[in-house]
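Trainee: Quick one: this structure, given as structure tokens, is what I'll be asking you about.
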């Protein structure tokens, strides 16, 4: 009895998992069946002498498939759409007696039933949704084919062969890397799961390689440009490498739900050696501070070349890199920013702020944090795994916050499902629902250990959700895609639906809030410039005929943008006497010397004001953040703004602070204009200016941007940008 030569893998399958696009096994060039007769000569049969893929940037294949922007010499096509190739034979092709087919193979263990081995038959007519090759033209020894791929095809880099049938077996072309073909998702194809029917949106969410990411504070929204660079040299291979590194089965790579979920896990390095290491402690040894990155290109190329996670990222960096990954593969995607985003550790829809009896915040009991803003992504796709109506934009988040099915990832969660409270639908909808819908609850901790709810703010969390507008750099408010307006009947219904599907509220806050106080309190923070003093004005309003005495407490804190406090830099208590039906303003001066020594990179200052009315024991509480205005980098260009012509780029920075900046790095980037660069200046003295000049030669025409950032030991989050119109090179 002979032994079986094929090994069994874990006793379950005859072949190991096919998880690497880069790994490959060559198909045999000759597959002879049985014995061959004497005198059999391969040259007597049809032989392939050459294959033409029409893969130049100006060729129809790349132009029609919207892949002409990729800096890549291979053929890149989108699935579900026809493309053209030409095969040259050693003699004229005779369809009556000659039989051949094109074959596409991906990975190391190709199987037809897994979609990793694709035999493409020559047919008289192409059928929608199916692989097929139709002869368009026969001329001398050449045949031109129109090939149509399946709209459900695996996305990746395929090896291509041509196989010719003989009476005695198959003759196949040898492995030729020049004929390798990339197949991507296709938002232009109605049968593709990522189909998007608006041409301007496709232009924005798939083809735009420069974006705008919003950050800052709800009352002081700031923006910065980000180079997605999805068409830059090497980025497509880097994105495929990310899926290889995740050991994602090739058979699942045609499903945008699976691809986006794997991407959300792999863009962070928390538990899988993914692309980016997150750091929120203001210490960035052996790496680049998150604020210094100008785009995704350097990050993805470094990850692929070193095979190690890149240091460091925060939410907007994770979102920027993830956006590059999705757009590069053909999935429409955008970065969104949620102002006052709840990081609700137990997803109970409550952010509990515990107060001492004197109004001070109890930091030991206050565990939940409200991020000033948080960036995540949305990816566009149908959701065949959910009921009808929950396709479209899906929230996906690669910032490592909470564990999902054993890994740090989030989504895709249907935005429509989140809006209506259907948080039972996968993936991670309860967490996203809590990020935009939690209540802010102020609770006083009594000396006897009891807790009293003082105030419930139902409108603070998810105050504003925005993204970049289509076709411009302006802001687009998309809050109403995530939630109904406060106090609408639909909003209550959505909350009740979420509670029914398992979202938990640890205490019922309905109707237990104390009666409205006779005294109102609010405060405003003057627009603050880094390194200068500014004022904070608190207004008390007495709406009753009674005279009141208030004990007020002001706390100023240096905070991370995640809402976590680093240090208290200002503490002030004062008494206010309010006459009947009157108001009073209290001004507090914030000196630069009080906050500069401990400032974090984004310049966030958080103020918390509480006041207790002595006569009624009512507690008033308000909190606000402010973002310090930080100086900008200035970018100038001189020379011809034309493709292929030299252009001089100058970056300038003047130090406005009273201290010397040390270990200064300036980063410069411009997709299609120049490759990412960086330069170090050992120090910049107060009021002195540094200049950096570089010569570049643009290779992409149209509207472009130069983006610069600066980082140093004591000053970060310094940006500058310049819009350019690059002219085409005139044809001779």
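Any Cβ shown, glycine's included, is placed from N, Cα and C.
From TrEMBL, here are the annotated features:
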type: ACT_SITE; residues: 315; note: active site
type: ACT_SITE; residues: 374; note: active site
type: ACT_SITE; residues: 397; note: active site
type: BINDING; residues: 437, 439, 486, 491; note: Ca(2+) binding site
type: DOMAIN; residues: 307-400; note: domain 'Transglutaminase-like'
type: REGION; residues: 1-28; note: region 'Disordered'
Trainee: With the cut-off set at 10 Å between Cβ atoms, which of these recorded positions ends up with the most neighbours? Options: 397, 439, 486, 491.
Mentor: 397
Trainee: Roughly how many Å separate the Cα of residue 374 (active site) from that of residue 439 (Ca(2+) binding site), to the nearest whole number?
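Mentor: Taking the Cα atoms only, residue 374 (active site) lies 17 Å from residue 439 (Ca(2+) binding site).
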Trainee: I'd like to know which of the recorded positions 315, 437, 439, 486, 491 sit within 10 A of residue 397 (active site) at the Cα level.
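Mentor: The recorded positions close to residue 397 (active site) (Cα within 10 Å), listed in sequence order, are 315.
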Trainee: If one measures from the C-alpha of residue 439 (Ca(2+) binding site) to the C-alpha of residue 315 (active site), what distance in angstrom results, rounded to a whole number?
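Mentor: Distance (Cα to Cα, whole Å): 23 Å.
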Trainee: May I ask for the distance between residue 491 (Ca(2+) binding site) and residue 315 (active site), taken between their Cα atoms and rounded to an integer number of Å?
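Mentor: Just about 28 Å between their Cα atoms.
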Trainee: Using the alpha carbons only, what distance in Å do you get between residue 486 (Ca(2+) binding site) and residue 315 (active site) once rounded?
Mentor: 27
Trainee: Could you state the whole-number distance in Å separating the C-alpha atoms of residue 315 (active site) and residue 437 (Ca(2+) binding site)?
Mentor: 20
Trainee: What average pLDDT does the predicted model assign to the domain 'Transglutaminase-like' (307-400)?
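Mentor: On average, pLDDT over the domain 'Transglutaminase-like' (307-400) sits at 91.
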Trainee: From the centroid of the CB atoms of 437, 439, 486, 491, the recorded Ca(2+) site, which same-chain residues not already listed sit within 8 A by their CB, in sequence order?
Mentor: 458, 459, 461, 462, 483, 495
Trainee: Show which residues of the chain containing residue 437 (Ca(2+) binding site), separated from it by at least 6 in sequence, have their CB under 8 Å from its CB.
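Mentor: 342, 349, 461, 462, 483, 495, 498 - these are the non-local Cβ neighbours of residue 437 (Ca(2+) binding site), listed in sequence order.
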Trainee: With every protein chain in view, what's the tally of Cβ atoms within 10 Å of the Cβ of residue 374 (active site), excluding that atom itself?
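Mentor: Taking every protein chain into account, the count is 28.
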Trainee: Mind tallying the domain 'Transglutaminase-like' (307-400) by DSSP state, helix then strand then coil?
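Mentor: Final tally across the stretch: 15 helix, 41 strand, 38 coil.
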Trainee: Report, as a single number, how many Cβ atoms besides its own are within 10 Å of the Cβ of residue 315 (active site).
Mentor: 28
